[in-house]
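Engineer: Look at Swiss-Prot and you will find 1-11, 70-76, 125-137, 186-196, 246-262, 307-341 (among others) tagged as topological domain 'Periplasmic'. Residues annotated as transmembrane segment in Swiss-Prot: 12-32, 49-69, 102-124, 138-158, 165-185, 197-217, 225-245, 263-283, 286-306, 342-362, 396-416, 431-451 (among others). Per Swiss-Prot, topological domain 'Cytoplasmic' is recorded for 33-48, 98-101, 159-164, 218-224, 363-395, 452-470.
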Amino acid sequence: MTEFPDNTRWQLWIVAFGFFMQSLDTTIVNTALPSMAKSLGESPLHMHMVVVSYVLTVAVMLPASGWLADKIGVRNIFFAAIVLFTLGSLFCALSGTLNQLVLARVLQGVGGAMMVPVGRLTVMKIVPRAQYMAAMTFVALPGQIGPLLGPALGGVLVEYASWHWIFLINIPVGIVGAMATFMLMPNYTIETRRFDLPGFLLLAIGMAVLTLALDGSKSMGISPWTLAGLAAGGAAAILLYLFHAKKNSGALFSLRLFRTPTFSLGLLGSFAGRIGSGMLPFMTPVFLQIGLGFSPFHAGLMMIPMVLGSMGMKRIVVQIVNRFGYRRVLVATTLGLALVSLLFMSVALLGWYYLLPLVLLLQGMVNSARFSSMNTLTLKDLPDTLASSGNSLLSMIMQLSMSIGVTIAGMLLGMFGQQHIGIDSSATHHVFMYTWLCMAVIIALPAIIFARVPNDTQQNMVISRRKRSL
């Protein structure tokens, strides 16, 4: 057992607390969406922007978080992240309209974007390199508990209090965390290169405008010509960034990353793959409540097997990849996830509710194997000089693709659910059935990309749990 000095242990607890807050918030909201819709006078089929606004903001802000921490100091930025996250939570709870809630989620997302990467950077600075793995294991555990606790806790709060409490519980916790950060966390700074502000703005504008163009006609009533202009503007911003990065050695993300074939394939596959899988955590609790009439608490409990399956698969995924190779694992898990998603809908509509936890457990296992394989494939062949930049770009793409996935899911629900639908009605079942069929196709398509992954040339190392010190 690795022993840390008392002051270091307290600092690690602060980082772990930030990981927990951020991971809890990513899952606790989904269960509450139907109740939020009823309270705000909105259709539950149009509540996806509550999720998209948060995840997209995280994607936009991630590239700036590490630079800000180096320039201004890890304590100052981590403190600011907790304060912004807590203020965003307060404004979410006070929101009286969907637009107010979306804006509050943007503020919350700014704080959430800085918590995890700055937390990792803090750990690197406060512990010796030899203890880094043990320290990261220590701080990451609460982050794994958050997704497990979030759906059930969200269901309890919604059912026995109100949806406002899923945000209000962050306030006292955030105040304590901010005070502890300010008093106990050292403020490490280092000399940094100039921040690529033009590149950051081009990427931010491109991501935000393209996501808005996907859903603007349904949620905001934007005309088709305006949407076409937005899509063209977003694409132009991304193309301008590529031109900027080609001419600028200090660009936010170097184009030299794409000289590594597995990085290019892995990044493209991760983007396409997470669009499909990003729909599932949003759609599943909404379907359980609106489509099947489950209570918020019951729907939250049903999400736990999916998280347990995901956590359990992480223990054996390296051995599976070593045995079968990246290409076979990624193609099989991609097609398997599409089939399992269809199995979930079939079992639900047949009324075999007792099988749903087993199907969701299987879904979590398959999804986790695919996620872990995509991540390691993308980064494993990068040279050390580009590893940090590649990891940051992958993190941004992961968040962006999930926001696009939720946006597309909301767009599909709006397209198939034009008429008023009731809870657990035949019309509602048809809306979700057609949506799930489209989702299964979207989930399966990245198999075409993963089929191009080259044969593996080296084995992945398996860490022995008997020899690892914590």
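Quick reminder: no glycine exception, Cβ is built from N, Cα and C everywhere.
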Engineer: Quick one: DSSP breakdown of the topological domain 'Periplasmic' (186-196) into helix, strand and coil?
Structural biologist: 0 helix, 0 strand, 11 coil
Engineer: Please spell out the DSSP helix, strand and coil residue counts for the topological domain 'Cytoplasmic' (33-48).
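Structural biologist: Helix, strand and coil residues of the topological domain 'Cytoplasmic' (33-48) number 12 helix, 0 strand, 4 coil.
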Engineer: Is it true that the transmembrane segment (12-32) and the transmembrane segment (102-124) have 3 or more CB pairs under 8 Å, sequence gap of 6 or more?
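Structural biologist: These two stretches do touch.
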Engineer: Who are the chain neighbours of the transmembrane segment (49-69) in space, where the CB to CB distance is under 8 Å and they lie at least 6 residues beyond its ends?
Structural biologist: 25-26, 29-30, 33, 36, 77-78, 98, 101-103, 105-106, 108-110, 112-114, 117-118, 121-122, 192, 195, 200, 203-204, 207-208, 211, 215, 219, 252-253, 282, 392, 395-400, 402-403, 406-407, 410
Engineer: With CB pairs under 8 Å as the measure, which of the listed stretches 102-124, 197-217, 342-362, 396-416, 431-451 comes out on top against the transmembrane segment (263-283)?
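Structural biologist: Going through each listed stretch, the top one turns out to be 396-416.
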Engineer: Between 102-124, 138-158, 225-245, 342-362, 396-416, who has the most Cβ pairs under 8 Å to the transmembrane segment (197-217)?
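Structural biologist: Answer is 225-245, with the largest number of Cβ pairs below 8 Å.
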Engineer: So which residues does the transmembrane segment (286-306) touch in its own chain, when a touch means Cβ under 8 Å and the partner is 6 or more beyond its ends?
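Structural biologist: Same-chain contacts beyond the ends: 27, 30-35, 44-45, 47, 148, 151-156, 158-160, 348, 353, 356-358, 360-361, 363-364, 367, 421, 423-424, 428-429, 432, 436.
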Engineer: Quick one: DSSP breakdown of the topological domain 'Periplasmic' (307-341) into helix, strand and coil?
Structural biologist: 31 helix, 0 strand, 4 coil
Engineer: Please work out the mean pLDDT for the residues of the topological domain 'Periplasmic' (70-76).
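Structural biologist: Average per-residue pLDDT within the topological domain 'Periplasmic' (70-76): 83.
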Engineer: Report, as numbers and ranges, every residue of the chain located at least six residues beyond the topological domain 'Cytoplasmic' (363-395) whose Cβ falls under 8 Å of a Cβ in that stretch; write 'none' if there are none.
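Structural biologist: Sequence-distant neighbours of the topological domain 'Cytoplasmic' (363-395): 62-63, 66, 117, 253-254, 256-257, 260-263, 265-267, 269-270, 273, 277, 280, 305-314, 317-318, 320-321, 326, 329-330, 333-334, 336-337, 340-341, 344, 453, 460.
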Engineer: Are there residues at least six beyond either end of the topological domain 'Periplasmic' (70-76) with Cβ under 8 Å to its Cβ atoms? List them, or say none.
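Structural biologist: For the topological domain 'Periplasmic' (70-76), the list is 118, 121-122, 125, 181-182, 185-190, 192, 195.
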Engineer: Who are the chain neighbours of the topological domain 'Periplasmic' (246-262) in space, where the CB to CB distance is under 8 Å and they lie at least 6 residues beyond its ends?
Structural biologist: 63, 193-194, 196, 199-200, 203, 377-378, 380-383, 386, 389-390, 392-393, 453-454
Engineer: By DSSP assignment, list the helix, strand and coil residue numbers for the topological domain 'Cytoplasmic' (159-164), in that order.
Structural biologist: 2 helix, 0 strand, 4 coil
Engineer: Going by DSSP, how much of the topological domain 'Periplasmic' (246-262) is helix, how much is strand and how much is coil, in residues?
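Structural biologist: For that range the per-state counts are 9 helix, 0 strand, 8 coil.
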